[in-house]
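Taken from TrEMBL, the feature transmembrane segment applies to 26-44, 65-90, 110-132, 144-165, 177-199, 211-235, 255-276, 297-322, 353-371, 403-425, 431-453, 537-560.
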């Protein structure tokens, strides 16, 4: 038999390679679809199988009727620290900027006991559905309640828009699915899930997502450890290339991240999220006793440390693979956030189903987070806005539940629209952190006024929130429009890449030189406004909280009247103890008397005790 010509052999090899690739792609598509479908159906399987006997009340939809296990609740609460954005963003953050942002973990850990022992005792026994109802009880003002609810709704809508857009980048890059198809799919599944689920189903979805995402990240770390020669090798490579940057206590507010800004900024952000945001407080209040809440939050600290740190370890592991051949510098990828999806395709394209699981996990992560938050958004909208309409308030419990689900459907569509808008922008990781930081301060500040300032009234709370919102909004807009905020990346190498990529290094070097020159010019022409705009966004939550409290105190002292009297049981127990010993020299702000059952049941005529 004649030998095949070299051209024919090459052609056959190419055909075989194409055939293998097509087979692998089919397997990946099947795995992706199966993973998403199964993950979405498991939490609502009972509802699908026994629909007639499993009808839900509004209370069951909102709080899960107290049937959620402690372990499941722990994973659901911790799930907030392991979103899709962190899974894609933290590895790239470590690769290109080092470990400095990792220290925001200090703030998260510090926030848990504060929320547990400071915030939860104040409104645990109120018997409320919306946490913002507490503000109305404290200030006797629907306006303050609506301002806080509106802040939460706007922040969550914007954050979820960024969240659901993030996996569409991976889907488009790896599979080629158009952005609009991914966004529409997430929205349709969310609407279906929201109609049949509730808090219990949302918690179950969070548990599935937490376990699957953790398994995926651990698998990546194991693979990289074997590839480079052990965990110690991963640590050595990162250390030798200046990726570790811990315990930098510089006081310059304009540095992007230091130990101080990471800890303090994340502390205020986490207090606002964990202690003042409906989706988290809703989970606490679904538990029957304060003891269970305390156990859940305290036991959750090591879980949060693990889940928060995993993406950073993944960043270290991927850096150990590509430290000598940066895909971004070599122009293989267009954005730094694409480093993890690129790694999955580069290393596992020949293994059937692997990147299908990866993309499915990202897709499902955005989906479950969307579902979980929509449940809380719809609840807050009903309790704080729609329940004011007499015609709706008089409806039956079943009718009210249907209205809440309809509101959730509307929000799902709105979030999809925000996702399309995010697609026109850049820097989704920075955008997400900017949204959280910019909106945390006013929300946390008004709760601090309510719990700890006896003479705070509704006028001070409302004006404090408005002043904080407007001030932070001014800084954010100035930062986005006028400020030349310099955030240089750490040095990377392409010396280990192929020879035909060396030209990219020359181009990158030229671009860096131009950027440095522009940075120098920006510093030379710096003005006071630019100095304000270039303050790191990690401090926005701190500034917003302080400004809300200060403005609220000043206005309250200037406007206090007998009409502002309130039930002193709304204050933190420690503040009530101090107040009962007359620290204000006989100044009367309210009564300790309670009428009816529970703090929110009503208030007798004020009978000052000091």
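Each Cβ is built from the backbone N, Cα and C atoms, and glycine gets one as well.
Automatic, uncurated: that is what TrEMBL annotation is.
Against the transmembrane segment (431-453), stretch 255-276 shows more Cβ pairs under 8 Å than any other of 110-132, 177-199, 255-276, 297-322, 353-371. Long-range contacts of the transmembrane segment (144-165) within its own chain (CB-CB distance under 8 A, at least 6 residues past either end) are made by residues 83-85, 130, 132-133, 135-136, 179, 183, 186-187, 276-279, 366-367, 369-370, 373-374, 376-377, 380-381, 384-385, 411, 414-419, 421-423, 428, 431-432, 435-436, 439, 442-443, 446-447, 458, 461-462, 465-466, 469. Counting Cβ pairs under 8 Å that are 6 or more residues apart, the transmembrane segment (403-425) and the transmembrane segment (177-199) reach 3 or more and are in contact. Highlighted: of the candidate stretches 110-132, 177-199, 211-235, 353-371, 537-560, 211-235 has the greatest count of Cβ pairs under 8 Å to the transmembrane segment (297-322). Residues 104, 253, 257, 261-262, 264-266, 268-269, 272, 430, 433-434, 436-442, 444-446, 448-449, 453, 455-457, 459-461, 463-465, 467-469, 471-472, 475-476, 479, 589 of the same chain sit 6 or more residues outside the transmembrane segment (537-560) yet have a Cβ under 8 Å from a Cβ within it.
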